[in-house]
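Input: a single structure, listed below in structure tokens.
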Amino acid sequence: MIVTEGQGVGGVRSFLPAVEGMRACAAMGVVVTHVAFQTGHSSGVGGRLFGRFDLAVAVFFALSGFLLWRGHAAAARGIGAPPRTGHYLRSRVVRIMPAYLVAVVVILSLLPDADHASPTVWLANLTLTQIYVPLTLTGGLTQMWSLSVEVTFYLALPVLALLARRLPVAARVPAIAALGALSWGWGWVPMATGSGVNPLNWPPAFFSWFAAGMLLAEWAHTPIGVPHRLARRRLVMAVVAALAFLVAASPLAGPEGLVPGTATQFAVKTAAGSLVAFALVAPLVLDRPDTPHRVLGTTFMVTLGRWSYGLFVWHLAALAMVFPVLGTFPFTGRMPAVLALTLVFGWAIAAVSYALVESPCREALRRWEKRRVETTDVIDAEADAIAP
């Protein structure tokens, strides 16, 4: 039996408004954790809770895992052809690189914290290889480590899809789950990288976050079962997400602030992040097609979701502008005011980025693809799949 939209899974639709809304929330979660740190809220219970808003990255990764894998999950069950690799790679480049390159050039040229960047810093950031090159995560761009991880997933996904085709359909879910669980052990892998490079920021460490979304993509095309019924119990999923978040914020998942933890603590944090992401995304993609999402699915939240990549790219630059505007300095408090103004500046810049850079580039690609394949329409259901 193959599940179609008519049989009750909303996640097979090409556009999911609530997913856009969740992306907006995750982007603001990233802003919260960085504002909290920059205003000195990095210790005590509050510091731990604010610090774990960095698990918003796990939500982004799960969203990308779902959106980019669901075409392959459908094809494995005879629903359409597999996504075309060439189109997929072109859409990924056009989705992230134009806005990213503009931000890198502007920030490295104008932001005081990134002033006098060396050629190595420029090259590493322009090529999204900064997590592999020592001391190249620079002011205004330190958040880009996660985008570097994301790009590696983009490149690996066609290979993973090819390998998955060799498996029986029934083995796909166990295989993805096993690989995700295996990635929790990355902290125990011995590495001799020298100073200035952190292997715990490398892609294998976070595969379970992508796998959470990939599993949801598989279940979106399977008969209604336990995963679907569980995902549709919103209160239960909210409790699961909250409990996993609290575990991630506890000493079990590491010390306060930026102090490195043990391999066990890192495994606990990444495992908890997987659960948080799964519990937040599952109700949005394994729901019934007629399920209302009265907040996340609104026009306002969908619009913010479309701008969310720009907020991610520019929010640290916006944060740097806020301190002089308020006449204050980093690590001296005033978190509510700093957060509010950072969001105002960040969303404004993001809207401009979307209107002047992101949307025109994506439309240009669609026109080119339309001419190339000589068809009346080019459907790119994964065009908005991005996980800063």
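Each Cβ is built from the backbone N, Cα and C atoms, and glycine gets one as well.
Values in this document were obtained by computation on a predicted structure and should not be read as measured data.
Features reported for this protein in TrEMBL:
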type: DOMAIN; residues: 18-350; note: domain 'Acyltransferase 3'
type: TRANSMEM; residues: 49-69; note: transmembrane segment
type: TRANSMEM; residues: 93-111; note: transmembrane segment
type: TRANSMEM; residues: 131-157; note: transmembrane segment
type: TRANSMEM; residues: 169-186; note: transmembrane segment
type: TRANSMEM; residues: 206-226; note: transmembrane segment
type: TRANSMEM; residues: 235-254; note: transmembrane segment
type: TRANSMEM; residues: 266-286; note: transmembrane segment
type: TRANSMEM; residues: 307-331; note: transmembrane segment
type: TRANSMEM; residues: 337-357; note: transmembrane segment
Decide whether the stretches the transmembrane segment (266-286) and the transmembrane segment (307-331) have at least 3 CB pairs under 8 angstroms, with pairs required to be 6 or more apart in sequence. no
Name the range, of those listed as 131-157, 206-226, 307-331, 337-357, that has the largest tally of Cβ pairs under 8 Å with the transmembrane segment (169-186). 206-226
Counting a contact as 3 or more Cβ pairs under 8 Å, with residues at least 6 apart in sequence, do the transmembrane segment (235-254) and the transmembrane segment (93-111) touch? no
Give the one range among 93-111, 131-157, 206-226 whose Cβ atoms make the most pairs under 8 Å with those of the transmembrane segment (337-357). 93-111
Please indicate, using numbers and ranges, the residues of the same chain that are 6 or more beyond the transmembrane segment (131-157) and have a C-beta under 8 Å from a C-beta there. 30, 34, 57, 60-61, 64-65, 68-69, 88-89, 92, 96, 100, 103-104, 107-108, 111-114, 117, 120-121, 123-125, 194-198, 201-203, 206-207, 210, 312, 315-317, 320, 386-388
Ranking 49-69, 206-226, 307-331 by the number of C-beta pairs under 8 Å to the transmembrane segment (93-111), which range is first? 307-331
Using Cβ atoms and a strict cutoff of less than 8 Å, what residues sit near the transmembrane segment (206-226) while being 6 or more residues removed from its termini? 1-3, 7-9, 11-12, 57-58, 61-67, 69-70, 72-74, 76-77, 79, 149, 153, 172-173, 176-177, 179-181, 183-184, 270-271, 273-275, 277-278, 281-282, 285-286
Suppose you look only at the domain 'Acyltransferase 3' (18-350); what would the mean pLDDT be? 95
